[in-house]
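Annotation source TrEMBL lists Ca(2+) 1 binding site at GLY17, ASP79, ASP80. Summarising the annotation, TrEMBL assigns Ca(2+) 2 binding site to ASP39. Residues or ranges marked as Fe cation binding site by TrEMBL: HIS368, HIS373, HIS551, ILE674. Among the features that TrEMBL reports, domain 'PLAT' is placed at 2-118. According to TrEMBL, the feature domain 'Lipoxygenase' maps to 118-674. The site 'Essential for stabilizing binding to COTL1' annotation in TrEMBL covers TRP103.
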Amino acid sequence: MPSYTVTVATGSQWFAGTDDYIYLSLVGSAGCSEKHLLDKPFYNDFERGAVDSYDVTVDEELGEIQLVKIEKRKYWLHDDWYLKYITLKTPCGDYIEFPCYRWITGEGEIVLRDGRAKLACDDQIHILKQHRRKELETRQKQYRWMEWNPGFPLSIDAKCHKDLPRDIQFDSEKGMDFVLNYSRAMENLFINRFMHMFQSSWSDFADFEKIFVKISNTISERVMNHWQEDLMFGYQFLNGCNPVLIQRCTKLPEKLPVSTEMVECSLERQLTLEQEVEQGNIFIVDFELLDGINANKTDPCTLQFLAAPICLLYKNLANKIVPIAIQLNQIPGDENPIFLPSDAKYDWLLAKIWVRSSDFHVHQTITHLLRTHLVSEVFGIALYRQLPAVHPIFKLLVAHVRFTIAINTKAREQLICEYGLFDKANATGGGGHVQMVQRAMQDLTYTSLCFPEAIKARGMDSTEDIPYYFYRDDGLLVWEAIKTFTAEVVGIYYKSDQVVVEDQELQDFVKDVYVYGMRGKKTSGFPKSVKTREKLSEYLTVVIFTASAQHAAVNFGQYDWCSWIPNAPPTMRAPPPTAKGVVTIEQIVDMLPDRGRSCWHLGAVWALSQFQENELFLGTYPEEHFTEKPVKEAMARFRKNLDTIVSVIAERNKNKKLPYYYLSPDRIPNSVAI
């Protein structure tokens with residue numbers, strides 16, 4: 001009688017093993033086997049991290065094996081089981097791999113196909129077509145769209161983490177509990193004694209050092225020592241946490257009535273301001289998005305304030321970017337003066353602090369939350385709803401949505417919800433952050449997620465004109481490496497543009513993103529369909545780059561750049577000044593966050609800057625969803641390209657006082673998971 005050797009690999013994460021009964025059935029082209037209990041006498045099967053082998057003898061020839069069915073039945077108490085993969089050695093000596101990488105819960109079952117990626121048009125056998133269809137029907141019931149707030153991209157229909165499908169939950173929910181992590185952060189930073197001191201002001205700037213953990217040779221310490229300098233202020237728009245707002249100024253806006261006479265002392269080329277604009281030496285950052293946003297009113301004991309500054313910057317003769325004019329609100333007038341470097345020291349310093357605070361708000365809510373977290377969740381939900389596990393695009397992208405839906409669900413549950421942790425320290429808490437996302441959705445376009453085009457649209461693409469824009473330089477290297485990789489994978493499975501057009505599952509995935517994620521808005525520029533291999537490669541690059549590199553660039557520098565509170569105040573406790581010459585150092589310190597809010601802020605930026613345990617970095621695919629040699633070779637080339645980029649960035653950073661490493665591939669996680 002024919003005999004098969006079945007090898008079963010159990011996951012190594014916590015609670016992955018099971019004591020339940022595991023049955024296996026084989027479905028072949030010539031027949032189906034009976035159910036076989038996989039059990040070795042006097043042996044504890046399916047322990048965490050185990051790889052167990054079994055001999056399965058069948059009564060008759062099964063032909064080519066098409067499916068493997070795994071059933072789990074209760075032994076004593078229900079326990080979930082994480083099945084990594086099954087391999088089958090046939091009576092002929094051939095090996096067939098059946099990737100799984102899923103949880104089997106309760107008295108559940110999973111039906112697996114072999115690991116070869118197949119488009120729907122490749123499946124001619126009825127049982128395989130049926131398997132494909134049933135998988136998507138099941139998934140579409142599990143992964144439902146929901147509107148969390150009007151105007152937001154749609155999100156997963158789950159009120160809390162435990163409501164999510166088991167396959168996308170964190171391995172350990174405690175590992176990503178925001179309340180717990182913030183508390184741990186404050187313990188690690190030795191600031192517990194301050195965390196409940198709301199309304200208690202600091203004495204002076206030096207007093208902030210009481211909550212600032214000094215770690216030698218770090219960016220955060222350099223920020224503490226140089227934050228008041230114009231060079232440091234300008235540098236952050238290029239390579240800080242929020243390097244996506246600065247753009248070349250091609251025409252001075254009427255709402256910022258600045259003249260050559262006002263900024264003459266800052267201009268180094270003996271040109272008028274208009275001539276500097278023409279030569280491309282003037283840059284602008286406009287925080288118009290914050291105009292009219294409601295400031296946090298959740299604490300009746302503390303008034304909090306927002307501003308909507310416009311900041312004009314200048315490229316000096318050393319090619320460094322420095323601020324030359326700041327207006328703190330959008331409408332010019334006598335009570336909205338333009339602050340200048342030639343003003344009194346504390347007038348100019350306070351104006352810069354207001355800009356830094358506004359930058360922090362836009363960074364957290366738009367650059368970070370909306371444009372990486374929420375967008376990546378949209379891609380993730382659409383992926384699970386429309387692409388079966390056998391689809392090559394599912395196999396390619398699944399690593400890049402790992403834990404994304406879970407982290408966003410946790411955030412909605414604890415962080416950005418009403419009375420959540422976000423409200424504790426941020427002036428945009430209490431609903432302001434919701435208003436901001438609703439507004440920013442107008443500018444969320446597909447083109448703006450295409451890294452090279454986004455850089456070009458802001459006039460920031462010239463490496464000769466702007467030589468110290470490391471975010472741009474490193475981002476372009478990573479973008480090209482990802483695009484080269486996706487183009488190779490697309491070329492393996494799509495032999496022509498016509499195959500792309502006829503792949504209905506792929507088209508449904510793209511349409512789901514447009515209709516539900518982007519709410520069907522034509523102005524978003526998101527495609528409703530993809531018609532060429534080149535466009536498909538670009539689309540996949542957008543998905544992977546957004547989830548990996550873009551998120552890394554704007555997330556993991558938060559402690560570096562925002563831990564020194566005066567450099568990134570999460571709230572201001574007095575309104576912007578309406579006149580010059582009246583600001584004192586005491587007033588500035590009183591405006592800055594109190595001791596309690598400072599601690600919550602510091603705990604937040606520390607916790608958000610940490611990598612996940614067992615983090616998977618760009619180019620690593622330990623879950624072998626693909627079994628074909630051409631794809632594995634493409635992955636190896638991808639890793640080699642990324643390693644080259646790591647070396648280039650490391651060489652550039654040598655001896656730099658301010659190294660830029662957020663886009664070094666060895667520091668870019670595969671997915672948005674923190």
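If you go along the chain as it appears here, the first residue is 1 and each next one adds 1.
Placed from the backbone N, Cα and C atoms, the Cβ positions cover glycine too.
Known features from TrEMBL, placed on the structure.
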{"residue": "GLY17", "record": "Ca(2+) 1 binding site", "contacts (Cβ under 8 Å, 6+ apart)": "THR10, PHE46, GLU47, ARG48, GLY49, ALA50, ASP79, TRP81"}
{"residue": "ASP39", "record": "Ca(2+) 2 binding site", "contacts (Cβ under 8 Å, 6+ apart)": "TYR21, ILE22, ASP45"}
{"residue": "ASP80", "record": "Ca(2+) 1 binding site", "contacts (Cβ under 8 Å, 6+ apart)": "PHE15, THR18, TRP103, ILE104, THR105, GLY106, ARG166"}
{"residue": "HIS368", "record": "Fe cation binding site", "contacts (Cβ under 8 Å, 6+ apart)": "HIS551, VAL554, ASN555"}
{"residue": "HIS373", "record": "Fe cation binding site", "contacts (Cβ under 8 Å, 6+ apart)": "THR404, ILE407, ASN408, ALA411, HIS551, VAL672"}
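The average pLDDT the prediction assigns to the domain 'PLAT' (2-118) is 95. Same-chain residues that are not part of GLY17, ASP79, ASP80 yet have a Cβ within 8 Å of the Cβ center of the Ca(2+) 1 site turn out to be PHE15, ALA16, THR18, ASP19, ASP20, TRP81, TYR82. The Fe cation site is set by HIS368, HIS373, HIS551, ILE674; from the centre of their CB atoms, other residues of the chain with a CB within 8 Å are LEU369, THR372, SER376, ILE407, VAL554, ASN555, LEU608, VAL672. Each of the recorded positions ASP79, TRP103, HIS551 was ranked by the number of other C-beta atoms within 10 Å, and first place falls to HIS551.
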